[in-house]
Amino acid sequence: MSTLGIHTGEAAIPGLEIPFVREVAELTRAMWRFGWDERNGGNVSCILDEDTVATYIDIHQVQRTIKLAFPVHELAGTYFIVTGSGKYFKNVISDPEANLGILRVTADGEQIELLWGLQGGAVPTSELPSHFMSHIERLKVDPQHRAVIHNHATHVVAMSFVHDLHEKKFTKTLWEMCTECIVVFPEGVGIIPWMVPGSDNIGRATADKMKHHRAVLWPHHGIFGTGSTLDEAFGLIETIEKAAQIYMLIAGKDIRQRITDRELAELARAFGATPCEGILSV
Ligand code: 2HA
Ligand code: ZN
């Protein structure tokens, strides 16, 4: 039985003995169970240390190379675990080798070398441009950065229809919904306009927001969350989604009391968080 209480007969499933494969398999399963990754929705990528990868797989055995549509010189030689394009999060835990890949960006940054997984000719997530470009920007501002998660968190998508898409207004509303929020994302949530997914353009727009935010909302689609671990990236999305859920639960209701700006500022001070400027009126 896995930590999620799922009987998978996992001893017989190749890949689950690798800790970072298991972590992504359990994460994708959890997100699917939350209803955030219908069909093939969502994608995950996480930077891995060479030594860690080499402990579990032969890093000199390249299965195949895949040409990148956009060069990523900044990530040359970097190892990743990624979800596959068109793959269902529901299925990762029962067949990680078909649904996940472990890869390395070539020294010239033009290709990726598949070292493990993505069996049957599968390729990395269709949102690879957004993932790679986000990794590049987050690493510039945070050397500890490792993980990028995209999913279709339900309430934050719902909120993108009924709330103003102004970043500071959206962020303030989220902060007001749960006491923890200002501490978890004091820098606020970045928001891009609606764009066609899977493109270099949406990758560039997302990465541009990643210069100042760890989470970026794609209106009417989903959210990108980043962090120094998969747990951090997941926890960030989970917190934003929880706040959005409360917003949607109370929308249109008679609000009797709320957390004031003064209280939000007090909270940030108490936890050593620096709130994004221009949001609180105190
Ligand atoms: O299909 O979520 O944004 C995967 C996606 C695309
Ligand atoms: Zn998506």
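The backbone N, Cα and C atoms fix where each Cβ goes, and this holds for glycine too.
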In TrEMBL, the residues HIS150, HIS152 are said to bind Zn(2+). Which of HIS213, HIS220, HIS221 is said to bind at that same site?
HIS221
Top of the binding-site residues HIS150, HIS152, HIS221 by count of other CB atoms within 10 A is HIS150
Shell of the Zn(2+) site beyond HIS150, HIS152, HIS221, same chain only (C-beta within 8 angstroms of their C-beta centre)
GLY41, GLY42, ASN151, ALA153, VAL157, PRO197, TRP218, GLY222, ILE223, PHE224
Whole-number Å distance separating the Cα atoms of HIS221 (Zn(2+) binding site) and GLU127 (active site) is 13
